[in-house]
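Heads up: the structure comes next, in structure tokens.
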Amino acid sequence: MGKTPLLREDGRCQRNTFGGSKASSKGSSSSSSNNTVSSKKKPRRKADALMFIQIFIHLLKSNIGTGFLGLPLAVKNAGLLVGPVSLLAIGALTVHCMDILLNCACHLTSRLQRSFVNYEETTMYSLETCPSPWLRTHSVWGRYVVSFLLIVTQLGFCSVYFMFMADNLQQIVEEAHFTSNVCQPRQSLVMTSILDTRFYMLTILPFLILLVLVQNPQVLSIFSTLATITTLSSLALIFEYLIQIPHHSHLPLVASWKTFLLFFGTAIFTFEGVGMVLPLKSQMKSPQQFPAVLYLGMSFVIFLYICLGTLGYMKFGADTQASITLNLPNCWLYQSVKLMYSVGIFFTYALQFHVPAEIIVPYVVSRASENWALFIDLTVRAALVCLTCFSAVLIPRLDLVISLVGSVSSSALALIIPPLLEIATFYSENISCTTIAKDIMISILGLLGCVLGTYQALYEMTQQSRFPMLNSTNVHT
């Protein structure tokens, strides 16, 4: 992985060793807590700065969401051997690209003597320094493209959260009269749903609207802590179940290339935290500690990804569902696991929603009178939540939406853009040919995954629309 720029004790860039370039140590030690389109940044108040453990919790929750529980199906789509190996490779590339993004942002803050630059501004300022006159002239479009991708990705995450919570809530409610105290492996029995999944989405909607109106970082940290407690508790019970019963044997080591494309979309979707890296660093009380948080947190995350994906597929085999919680036994213990994880996802919604809200809301509010600012702020936030709910209602297929969002926008933000930014940022500072070749290869890999994965996900959706599923739910005894 590339070297992260060394930081002074005050959090400023001291030295940049990536690609043979050097950065000035000039810059302000304060950072903005907002990831907005505006180029003017307010200094971060010490009272709002977050500690090491708080940032670690935010990072953990940003990457352990609904896509995490879809990894057993992803491994099924790739194969028992290819799946875990590919997860490790994609994870390493993603963390490396996060490191590149941090490196470019830190270098630009020193060069421009800015306190903080977000992902969008990093893209714009990188293009302003690249050798192409056309790109320098149109550098502002780089900011617009990244802003659009961030909005699509994060709102896509939020739509998936709606589907996940609705699917699990439906199963909990409609299986209540089948639920027992004895936890036995499920035996599939298809029953007609009492209520459509969309009804449960609409039930959740008003509570999420109230949740996103909370904007204080300290309060969001409390929500994230609650989400982490419930999520880790439920994950402990899930892992306990996965290892206690004999697994399926003779599972394919390598799956079809068509289903592997769905694996790519799901895998890259699962690394949900790329949009949160720069905002989290800006909110940290001691920014020089952020590289340690990043590597420690992401190493733990990748380890969990591989374990859950492999064990889940080995456990349920061909019956693996879009979310592993839907495979759990129909007993009160594991029904509580679904409820706990859904509560964790509920609070994580606010964390993922923060990124698009901080891009869109200030832009809209700045065009209104000051008397209407608060009303418009709250209205836009509520409208965005309704938009994610509406998207989930239109395409209530958890696995395909995860793969589509991952292929379309997550791959661009996580794999395609950061390597290109490194070339643009350091090209005039004697970046090595090896680094350029490496960056081009990563971007091409991300582009291939984006195009082919998007095609396969859309193809599966069209097949699904031609042969729609019955309005039924899997009830297991």
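Backbone N, Cα and C define each Cβ position, glycine as well.
Feature annotations, courtesy of Swiss-Prot:
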{"type": "REGION", "residues": "1-42", "note": "region 'Disordered'"}
{"type": "COMPBIAS", "residues": "19-38", "note": "compositional bias 'Low complexity'"}
{"type": "TRANSMEM", "residues": "55-75", "note": "transmembrane segment"}
{"type": "TRANSMEM", "residues": "78-98", "note": "transmembrane segment"}
{"type": "TRANSMEM", "residues": "145-165", "note": "transmembrane segment"}
{"type": "TOPO_DOM", "residues": "166-202", "note": "topological domain 'Extracellular'"}
{"type": "TRANSMEM", "residues": "203-223", "note": "transmembrane segment"}
{"type": "TRANSMEM", "residues": "226-246", "note": "transmembrane segment"}
{"type": "TOPO_DOM", "residues": "247-259", "note": "topological domain 'Extracellular'"}
{"type": "TRANSMEM", "residues": "260-280", "note": "transmembrane segment"}
{"type": "TRANSMEM", "residues": "292-312", "note": "transmembrane segment"}
{"type": "TOPO_DOM", "residues": "313-344", "note": "topological domain 'Extracellular'"}
{"type": "TRANSMEM", "residues": "345-365", "note": "transmembrane segment"}
{"type": "TRANSMEM", "residues": "375-395", "note": "transmembrane segment"}
{"type": "TOPO_DOM", "residues": "396-399", "note": "topological domain 'Extracellular'"}
{"type": "TRANSMEM", "residues": "400-420", "note": "transmembrane segment"}
{"type": "TRANSMEM", "residues": "440-460", "note": "transmembrane segment"}
{"type": "TOPO_DOM", "residues": "461-477", "note": "topological domain 'Extracellular'"}
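Long-range contacts of the transmembrane segment (345-365) within its own chain (CB-CB distance under 8 A, at least 6 residues past either end) are made by residues 34-38, 58, 61-62, 65-66, 120, 147, 150-151, 154-155, 157-158, 161, 164-165, 204, 207-208, 211-212, 214, 220, 223-224, 226-227, 230-231, 272, 275-276, 279, 373, 376-377, 380-381, 384-385.
Long-range contacts of the transmembrane segment (226-246) within the same chain: residues 57, 60-61, 64, 183, 185, 304, 307-308, 311-312, 314-315, 324-325, 328-329, 333-334, 337-338, 340-341, 343-348, 351, each at least 6 residues beyond the stretch ends and with a Cβ under 8 Å from a Cβ of the stretch.
Counting Cβ pairs under 8 Å to the transmembrane segment (292-312), the stretch among 55-75, 78-98, 203-223, 260-280, 400-420 with the most such contacts is 55-75. Between the transmembrane segment (203-223) and the stretches 55-75, 375-395, 400-420, the greatest number of Cβ pairs separated by less than 8 Å involves 375-395. Among the recorded stretches 55-75, 78-98, 375-395, 400-420, the one sharing the largest number of Cβ pairs closer than 8 Å with the transmembrane segment (260-280) is 400-420. Distant neighbours of the topological domain 'Extracellular' (396-399): 66, 70, 73, 160, 163-164, 166-167, 197-198, 201, 262, 266, 322-323, 461, 464; these residues of the same chain sit at least 6 beyond its ends, with a Cβ under 8 Å from one of its Cβ atoms. When each of 55-75, 78-98, 400-420 is checked for Cβ pairs under 8 Å to the transmembrane segment (440-460), 400-420 comes out on top. Taken together, the residues in the topological domain 'Extracellular' (313-344) have a mean pLDDT of 87 on the 0 to 100 scale.
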